[in-house]
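Engineer: Relevant sequence annotations retrieved from Swiss-Prot are reproduced here:
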type	residues	note
BINDING	121, 125, 126, 127	(6S)-5,6,7,8-tetrahydrofolate binding site
MOD_RES	229	N6-(pyridoxal phosphate)lysine
SITE	228	site 'Plays an important role in substrate specificity'
């Protein structure tokens, strides 16, 4: 029998110490990695529940194990909520990650050797959309589209490539693209050539749910997403699809890729979906975009840095660092020492290697969750620029770190 007195701190103090150190880092650092966010206490409570004990291969009402009557309720709640949130005909909430959701789409609609088309990773796409080292690039013939001279998606070139190569699947979505994507235009060319149209909305899902970014669901055959990032749920994946594709997608997830789903994570997803259906979540997403725009404006117009694509229409943007004679790798490290967390990121036509890069990616979801508004966003942008202007100046770094501490103290992630 387990005792409630046997806490993690008592059972495994070594791990407890590491967790507490990470908690302090999250509280004391300004998080600007676009793919990261903070979940609510309610989400964490669901994820730490007894549902972690239950094995439940299959789907609600059709399991391979007994005793699933209560986890069936939890999963159906998650399905119903995510369908309502995006206006989807059908949904699968079992993917353990966005990458596994994407693999399921490829398994459902393509055979090894088929042609797929996605956005070039070097110009803002995602590795699961055809990167040579990823299974999507190893198993399929990949045709990549990219950006035009204005660093916007080259829709004309995309259409020419689609007509020429006639891919089985056309993928829209990105991990480092700041502008709105014209999903309707993608859908038209997919329909013209008879391709499956798949949207990976992982980065934009929360914005879409709140109505601040185009919704791909009416246009796409299938839509995948993570449940963290802007959606502010636990780490995991989802798939939305037309009803006609539900059987193929469900079979691709189970038994195709996964066995028993993580029921505690599905419960946590359900909580996050409920939170996303509230007016407060819509207000949050409006602030996410406002904060990103302020940071991009300050860094670009006031501090002399080049913003890729010239602006942001979402939660994220890339910064070209070459004018400062600093690499993305070095900028990530020095900003981290000042308690500002970003990630190095390749920019279009980047001369540096992917682990060095000429740019950084900046996102506003996490800082907005802790209550930052345009006022703090402007301050943060200036702090970033201060560090980039004098990365070797210890006095500057100490001053920035002190100001970061003040901002974080005024806006804790988890209040008491």
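Any Cβ shown, glycine's included, is placed from N, Cα and C.
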Engineer: What is the Cβ neighbour count of residue 125 ((6S)-5,6,7,8-tetrahydrofolate binding site) at a 10 Å cut-off, with all protein chains included?
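Structural biologist: Cβ-Cβ neighbours of residue 125 ((6S)-5,6,7,8-tetrahydrofolate binding site) within 10 Å number 24.
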Engineer: Cβ distance under 8 Å to residue 229 (N6-(pyridoxal phosphate)lysine), same chain, sequence separation 6 or more: which residues?
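Structural biologist: Expected: 34, 35, 36, 37, 202, 203, 205, 206, 365.
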Engineer: Using the CB centroid of 121, 125, 126, 127 as the (6S)-5,6,7,8-tetrahydrofolate site centre, which other residues of the same chain sit with their CB within 8 A?
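Structural biologist: Other same-chain residues with Cβ inside the cutoff are 118, 119, 120, 124, 128, 129, 130, 131, 134, 174, 175.
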Engineer: Give the sequence-ordered list of residues that share a chain with residue 121 ((6S)-5,6,7,8-tetrahydrofolate binding site), lie 6 or more positions from it, and have CB atoms under 8 Å from its CB.
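Structural biologist: Long-range Cβ contacts: 127, 129, 130, 131, 346.
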Engineer: Enter the number of other CB atoms within 10 angstroms of the CB of residue 126 ((6S)-5,6,7,8-tetrahydrofolate binding site).
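Structural biologist: Excluding its own Cβ, residue 126 ((6S)-5,6,7,8-tetrahydrofolate binding site) sees 24 Cβ atoms within 10 Å.
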Engineer: Please work out the number of neighbouring Cβ atoms within 10 Å of the Cβ of residue 127 ((6S)-5,6,7,8-tetrahydrofolate binding site), leaving out its own Cβ.
Structural biologist: 16
Engineer: For residue 228 (site 'Plays an important role in substrate specificity'), what is the tally of other C-beta atoms lying within 10 angstroms of its C-beta?
Structural biologist: 26
